[in-house]
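Participant: According to Swiss-Prot, the protein has these features:
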- Ser61: active site, phosphoserine intermediate (ACT_SITE)
- Asp11, Ser61, Asp428, His429: Mn(2+) 2 binding site (BINDING)
- His118, Arg147, Asp148, Arg177, Arg183, Arg248, Ser249, Asp250, Arg251, Lys321: substrate binding site (BINDING)
- Asp387, His391, His446: Mn(2+) 1 binding site (BINDING)
Amino acid sequence: MAQKTLLIITDGIGHKPSSPHNAFTQAKKPTYDSLFASAPHALLSTHGLSVGLPEGQMGNSEVGHMCIGAGRILYQDLVKISLALKDGSLEKNPTLLGFSSRAKRIHLAGLASDGGVHSHMEHLLGLAQIFSRLGHEVLLHLITDGRDVSPTSSKEFIAQALALESDLIKIATISGRYYAMDRDKRWDRIKRAFGVIARGDSPTSLTPQEYIQAQYQAGITDEFIEPAALGGYQGFEPSDGFVFANFRSDRAREIVSALGGASFEGFDRGAYQPPKTLAMTSYDDSFPFPILFPKEKVEPTLAQVISEAGLSQLHVAETEKYAHVTFFFNGGIETPWENESRVLIPSPSVATYDLKPEMSAPEVAEATLSGMRQGYDFIVVNFANGDMVGHTGNTEAAISAVESVDRELGRLLEEAKKSGYAVILTSDHGNCEEMRDERGSMLTNHTVGEVWCFILAQGVTEIREGGLNQVAPTVLKIMGLPTPKEMDSPLF
């Protein structure tokens, strides 16, 4: 067999029955239609235990790309942290106890949601209880979600935090993730969340629930809740400690570096002394903070096997998904392997991606076409549209997003045939195939379900249903490379 291989990941395009709110089935997509008619295809599971998440938990881009790149199921931080809370080992964690001994008040920040993509409410509340049992006053800095869960669900999670309120546990600030969890160096957003958390800017006399209700009445949903300080909160004190409870790294880096970093260049923090800081996981290799759940080494990965075989590879994506085809795809390793090239295409600078549903797909495709013409042995490319436009809740824009991806797929498949590439086309998780629920309410979160996988390769006439963990072994089989014992079985 031994073919050069192109792996295409169409982010956020999954499988659900046809409906008016399924952007995938509603789109005009001649390339996909042709693949359904003539290419071997099967469904792959992208959620729950099949990708190392709790049963029934929706998949996400980080987990999906890690699973694809590792070629096996990796139990995710979400599962590990939940187990540590359940069995009591987190309370005895030496890093946590050491941090506790050095700090007075504890500022505990995180995404207040059970979406399980960046955080989980049970982790945030579990840590609050642990620190209060250790005698600390705990000040909660709640980041409202509205993206991985319903856009008006924050009251439910705030109620859970309020149920814990005591002499030691209080809600200090609220901020929408649009401000507190940017990942694209939009420092004006981070600065607003920083000001509220670090200094108690934008005070309100409203209770947490009253404040959320006032924001809703102003037409502002959870993702975009304006940062506010509550209950007379006035900011950090020199003896305080700051804990960030999100486990996913990409949207934690900016806010944690702003609040905890000794040196910081995103904006002028004025006369600022950062507090002692504790991170849930490893957000960035350059961060000096202690970590509750350090990164486990994931090897071998697909990229590693290809590199060690002396072959060349190219990883392509636009900004929104660049970390996914590099850092996450390579098992949490930032540095490229030998003979691994990378192309980053800037994502369009728009407030929300429904304003430009094609995003940077044409440029991503151009870079991939160039890679095939240069003869890279393996290319992985991500199209972000289905996910990023799906998150806006705009069905018409999501349909346009699918059509944009379909156009670029047509160009890539034509060049792949010309240049002798095998093609594996799949997704990391679903999103745009379910834009509204059965009641007609907008859905902005990922779906719980399967995605399609198509394979165009010499001698492949049929593939099995399976999981994302089987993609890497399938690539290696097509490329004529041995599959490491740590990886799972291929799809044919």
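Each Cβ is built from the backbone N, Cα and C atoms, and glycine gets one as well.
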Participant: Validating a neighbour-count step here. Other CB atoms within 10 A of the CB of Arg183 (substrate binding site): how many?
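Facilitator: For Arg183 (substrate binding site), the 10 Å Cβ neighbour count is 16.
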Participant: Quick one: among the recorded positions Ser61, Ser249, which has the most Cβ atoms sitting within 10 Å of its own Cβ?
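Facilitator: Result of the Cβ crowding comparison: Ser61.
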Participant: Counting across all protein chains present, how many other Cβ atoms fall within 10 Å of the Cβ of Arg251 (substrate binding site)?
Facilitator: 21
Participant: Quick check: which same-chain residues outside Asp387, His391, His446 lie with their CB within 8 A of the centre of the Mn(2+) 1 site CB atoms?
Facilitator: Asp11, Gly12, Asn60, Ser61, Arg147, Asp148, Gly386, Met388, Gly390, His429, Asn431, Cys432, Thr444, Asn445
Participant: Identify which of the binding-site residues Asp11, Asp148, Asp387, Asp428 has its Cβ surrounded by the largest number of other Cβ atoms within 10 Å, counting every protein chain shown.
Facilitator: Asp428
Participant: Going by Cα-Cα distance, which of the binding-site residues (Asp11, Asp387, His391, Asp428, His446) sits nearest to His118 (substrate binding site)?
Facilitator: His446
Participant: Are there any residues in the same chain, six or more apart in sequence, whose C-beta is under 8 angstroms from the C-beta of His391 (Mn(2+) 1 binding site), and if so which?
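Facilitator: His391 (Mn(2+) 1 binding site) has long-range Cβ partners Gly12, Arg147, Tyr353, Asn431, Thr444, Asn445.
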Participant: Fewest other Cβ atoms within 10 Å: which of the binding-site residues His118, His429, His446 wins that one? Let me know.
Facilitator: His118
Participant: Expressed to the nearest Å, what is the distance separating Asp11 (Mn(2+) 2 binding site) and the residue listed as 'active site, phosphoserine intermediate' at their Cα atoms?
Facilitator: 7
Participant: With the Mn(2+) 2 site defined by Asp11, Ser61, Asp428, His429, which remaining residues of that chain have Cβ atoms positioned within 8 Å of the Cβ centroid?
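Facilitator: Those within range, site residues removed, are Ile9, Gly12, Thr46, Gly59, Asn60, Gly64, His65, Lys321, His324, Asp387, Ser427, Asn431, His446.
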Participant: Among the recorded positions listed here (Ser61, Arg251, Asp428, His429), which has the Cα closest to the Cα of His446 (Mn(2+) 1 binding site)?
Facilitator: His429
Participant: Find the shortest Cα-Cα separation between Arg251 (substrate binding site) and the recorded positions Ser61, Asp387, His429, and name the residue that gives it.
Facilitator: Ser61
